[in-house]
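A.B. asks: Pasting the feature list from TrEMBL:
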type    : residues                                                                      : note
BINDING : Gly10, Ser11, Gly12, Lys13, Gly14, Thr15, Arg124, Val133, Tyr134, Arg195      : ATP binding site
BINDING : Arg36, Glu53, Leu54, Ile55, Gly82, Phe83, Pro84, Arg85, Gln89, Arg156, Arg167 : AMP binding site
DOMAIN  : 124-158                                                                       : domain 'Adenylate kinase active site lid'
Amino acid sequence: MNLILLGEPGSGKGTQAEMLVKKLGLYYLQGGELAREWAEKDERIKKIVESGELIPEKEMTEFVRKYLEEKVPEGENILFEGFPRFIPQFEDYEKWLNSKGSKIDAVISLDMSEDAAIKRLSSRRVCENCGEVYNLITNPPPAPDRCKCGGRLVQRKDDNPDSIKVRFQYYRNNTKKLIDYLESQGRLIKVDADRPIQIIFDEILEKLGVDND
Ligand SMILES: [Zn+2]
């Protein structure tokens, strides 16, 4: 089953993605992670990512296509999160899957108010050492500013208030259009994301028609 998980910044996409990947045995690809990986090797991309802006659409599509060809074992079922963000990106990805004899089985959208999402984002902390992600509200660390591995917890550079604002603007101008487009085509599974993690997860599985035992 190939899935795409959409939702605004702070809607809990990463958490739900990890649970789905584990439950369904999917290959997990995270658009933001791929962009950050790329940024480490490219100053220009690094500046874009740290400002909270998005990598130009066509460049990102091309980067992802190469990544899929070179790094993802053929025939893997993929869960994509944070990509595609634009209608043409979605269409390109779907074409790529179709060319491999595969398809997008479902697109899930995590719905949340912008206020709630901003509150969640500003509470996010990442371990400098192992990369573990915490949230001071929904998933607090064992001790303030300390990871379970002992590493120091920091805010991601693009989680500062200015970057958050930019990311929401991008979301409204781009991903929101993709979501509306998929909804108009009857291809969107919408889930209210302002609820406890397990309840959201159970509803996603139910809507996918997956047995949850
Ligand atoms: Zn750690």
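Numbers run from 1 along the shown chain.
Each residue, glycine too, has its Cβ placed from N, Cα and C.
Curation plays no part in TrEMBL annotations; they are all automatic predictions.
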A.B. asks: Work out how many Å separate Pro84 (AMP binding site) and Gly14 (ATP binding site) at their Cα atoms, rounded off.
C.D. replies: 15
A.B. asks: With the cut-off set at 10 Å between Cβ atoms, which of these binding-site residues ends up with the most neighbours? Options: Gly12, Pro84.
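C.D. replies: Selected residue: Pro84.
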A.B. asks: If H, G and I count as helix, E and B as strand, and all else as coil, what does DSSP give for Gln89 (AMP binding site)?
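C.D. replies: Where Gln89 (AMP binding site) sits, the three-state DSSP reduction gives helix.
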A.B. asks: Out of the binding-site residues listed (Arg36, Gly82, Gln89, Arg167), which are within 10 Å of Gly14 (ATP binding site), Cα to Cα?
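C.D. replies: Neighbours among binding-site residues, in sequence order: Gly82.
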A.B. asks: Report, in whole Å, the straight Cα-to-Cα distance of Leu54 (AMP binding site) from Gly12 (ATP binding site).
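C.D. replies: Gly12 (ATP binding site) to Leu54 (AMP binding site), Cα-Cα distance: 19 Å.
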A.B. asks: Which number gives the other C-beta atoms within 10 angstroms of the C-beta of Gly10 (ATP binding site), all protein chains shown included?
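C.D. replies: 25, counting other Cβ atoms within 10 Å of Gly10 (ATP binding site).
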A.B. asks: Looking at the binding-site residues Arg36, Arg124, Arg167, which one has the fewest other Cβ atoms within 10 Å of its own Cβ?
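C.D. replies: Taking Arg36, Arg124, Arg167 as the binding-site residues, the minimal 10 Å Cβ count falls on Arg36.
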A.B. asks: Can you give me the same-chain residues 6 or more apart in sequence from Tyr134 (ATP binding site) with a CB-CB distance under 8 Å?
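C.D. replies: When sequence neighbours closer than 6 are ignored, Tyr134 (ATP binding site) has Arg124, Arg125, Val126, Cys127, Pro140, Pro141, Cys147, Leu153 within Cβ distance under 8 Å.
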A.B. asks: Quick one: give me the count of other CB atoms within 10 A of the CB of Gly82 (AMP binding site).
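C.D. replies: Result for Gly82 (AMP binding site): 21 other Cβ atoms within 10 Å.
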A.B. asks: Do any residues at least six apart in sequence from Gln89 (AMP binding site), in the same chain, have a Cβ closer than 8 Å to its Cβ, and if so which, in order?
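C.D. replies: Expected: Glu57, Met60, Thr61, Phe83, Leu178.
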A.B. asks: For a quick check of packing: other C-beta atoms within 10 Å of the C-beta of Leu54 (AMP binding site), how many?
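C.D. replies: Taking all protein chains shown, Leu54 (AMP binding site) has 22 Cβ neighbours within 10 Å.
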